[in-house]
Structure formats: C-alpha cells, structure tokens
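Engineer: Okay, handing you the structure first.
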Amino acid sequence: MYTSAILATLLPLLATSAPTNHLQTRQTTSSDDILNGDCGTVNYIFARGTTEVGNLGTVIGPGFGRALGQRMGDVAVQGVDYPANVAGFLAGGSNDGADTMAELARQSISQCPGVPIVMSGYSAQVVSKAMDQLTADEASNVGAVVLFGNPNGNDPVPNTNAADVEVFCNVGDLICAGTATILPAHLTYGSDADEAADFVAGRIQV
C-alpha cells in the first residue's frame with residue numbers, strides 16, 4: 001500500500017515535465033489525425049503520462065512523433081484522450097484510457113487498411129491493457145510497441161511478439177521498479193525519442 005507521504009508528493013512530481021518543444025501543429029501536445037480521418041504511412045497512437053496536458057503530453061509523446069516522421073515519412077499522430085490522473089496510475093493503468101486506445105487501434109485498422117500501427121505510451125500500463133483487448137487478428141496490425149517508464153518493467157505485452165516491443169526504463173527510475181516514487185530519472189524520456197524511432201524503423205518497413 002502506498003503511504004500518505006508518497007501520495008502527497010506524487011501529484012506535483014508527476015506534473016513536472018520537460019519543456020514543451022514547439023513542433024508543427026499535429027505534433028504539439030495534442031493531435032487527432034486518426035479521429036480526423038487521416039491515414040499515414042504509419043499510424044502512431046500514444047497514451048500520455050499521468051497528469052500530462054493535451055492528449056500527447058510533453059515529455060516524450062510529441063518528440064517521438066516527430067522522430068518517427070523524420071524516419072518514416074507522413075506519420076499520422078493520434079493521442080489518447082483519457083483522464084490521466086493519479087487514481088488511474090495507482091489502479092495499474094486507466095481502464096478508460098485502455099478502452100479508448102483499443103478503439104483508436106480498431107478505427108485505424110478499419111480506416112487505413114494495411115497501415116501499420118505503433119502503440120506507445122508514457123502511461124505504459126494503458127498500452128498493455130489496450131493490447132490485451134485486441135483480438136489476435138487486430139493485434140497483427142500493430143508493428144511495434146514502445147513503452148517509456150513502464151511500472152511493469154519488461155513483463156510481456158499481451159498479443160505482441162517480444163521482438164516488436166521496446167521498453168525504455170532509465171537507471172534510477174523507481175516507477176520501473178513498481179513503486180510510486182517519482183525521481184528525476186522518470187522525467188527525462190524525451191532524450192530517447194531518436195532511439196525509439198530507430199527501433200520502430202527497424203521493425204516496420206514503409
């Protein structure tokens with residue numbers, strides 16, 4: 001059980017983030033390309049971290065989308081709208097977020113036949129819960145899963161080949177050890193955008 005002292009510090013620490021990059025409109029703190037009917041060479045669906053703003057957040061979501069675009073061309077960027085609150089984090093990931101992310105994946109499959117999907121999150125547990133909702137046939141459209149600061153560590157992601165999953169957990173990030181303690185190491189995943197995009201480019205040929 002989490003102590004009151006940890007919970008008292010959790011919210012303000014989670015609200016801390018790296019400075020926002022000034023990206024093009026579709027790659028700022030919110031993007032709804034899939035909901036707007038767009039299809040890319042790759043469709044990127046991202047669940048932001050707890051308390052982050054917009055539907056992409058600021059720490060890694062926008063920067064990862066930009067890095068993907070630099071390597072893979074016209075990437076459709078879609079954030080997951082859900083209440084990214086502390087309660088969802090403490091529950092092991094927001095069920096609302098997982099439901100929404102799974103539905104976005106299904107919309108991508110229907111709307112953009114044959115377009116591979118990247119499922120990613122700084123709310124890593126939401127991604128795993130969303131993947132668990134997909135059928136094997138639906139999940140076969142997911143070309144890569146990329147997780148940042150995963151409380152589940154390197155546990156398998158449902159309905160996904162291990163080779164298609166990349167988990168970024170910084171040394172000293174106690175969230176990756178399954179605790180609720182936020183240290184600076186949990187707030188620097190923006191520096192992993194290029195490496196994460198290189199991984200995806202190695203898994204998905206466009």
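Just so it is clear, glycine is given a Cβ too, placed from its N, Cα and C backbone atoms.
Curation plays no part in TrEMBL annotations; they are all automatic predictions.
According to TrEMBL, the protein carries these features:
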- 1-17: signal peptide (SIGNAL)
- C39-C112: disulfide bond (DISULFID)
- S123: active site, nucleophile (ACT_SITE)
- C169-C176: disulfide bond (DISULFID)
- D173: active site (ACT_SITE)
- H186: active site, proton donor/acceptor (ACT_SITE)
Engineer: H186 (active site, proton donor/acceptor) has how many other Cβ neighbours within 10 Å of its own Cβ?
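Structural biologist: There are 23 of them.
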Engineer: How big is the Cα-to-Cα gap, in Å, between C169 (disulfide bond) and H186 (active site, proton donor/acceptor)?
Structural biologist: 8
Engineer: According to DSSP, folded down to helix, strand and coil, what is C112 (disulfide bond)?
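Structural biologist: Its secondary structure by DSSP: coil.
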Engineer: For D173 (active site), what residues in its own chain, 6 or more apart in sequence, show a Cβ-Cβ distance under 8 Å?
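Structural biologist: Long-range Cβ contacts: G149, L183, A185, H186.
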Engineer: Need the DSSP three-state call for H186 (active site, proton donor/acceptor) to compare against my parser.
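Structural biologist: Helix, per DSSP.
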Engineer: If we check Cα distances from C176 (disulfide bond), which of the recorded positions C39, C112, S123 wins as closest?
Structural biologist: S123
Engineer: Count, for each of the disulfide-bonded residues C39, C169, C176, the other C-beta atoms lying within 10 angstroms of its own C-beta, and report the residue with the smallest count.
Structural biologist: C39
Engineer: If you measure C112 (disulfide bond) to S123 (active site, nucleophile) at Cα, how many Å is it?
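Structural biologist: On Cα coordinates alone, these residues lie 25 Å apart.
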Engineer: Per residue, counting other C-beta atoms within 10 angstroms of the C-beta, which of the recorded positions C112, S123 reaches the highest number?
Structural biologist: S123
